[in-house]
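What Swiss-Prot records for Gly41, Pro42, Thr43, Gly44, Cys45, Gly46, Lys47, Thr48 is ATP binding site.
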Amino acid sequence: MSDIDRNQFLIDHEPYYRPVSNEVALYEAAYAARMPVMLKGPTGCGKTRFVEYMAWKLGKPLITVACNEDMTAS
């Protein structure tokens, strides 16, 4: 991904996120160890907001894809 493409997916302001437990430290440890992370939970529980916050905090681009039970493989 070129810098021009990358920059359009950077989060330019700090998203509001209030940690509930130690999820930020756990994510940072997984990121440092290059371990994949899977977030699972019901609609509206904060998964997207959390990854937006972590992308901003780590200075990484973020591309989101909405997936649900109506989505097909084609």
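Every residue, even glycine, has its Cβ placed from backbone N, Cα and C.
The number of other Cβ atoms within 10 Å of the Cβ belonging to Gly44 (ATP binding site), over all protein chains shown, comes to 8. Comparing the binding-site residues Gly41, Pro42, Gly46 on other C-beta atoms within 10 angstroms of each C-beta gives the minimum for Pro42.
The Cβ neighbour count for Lys47 (ATP binding site), using a 10 Å radius and every protein chain shown, is 15. The DSSP secondary structure for Gly46 (ATP binding site) is coil. Within 10 Å of its Cβ, the residue among the binding-site residues Thr43, Thr48 with the fewest other Cβ atoms is Thr43. Cys45 (ATP binding site) is surrounded by 11 other CB atoms, counting those within 10 A of its CB over all protein chains shown.
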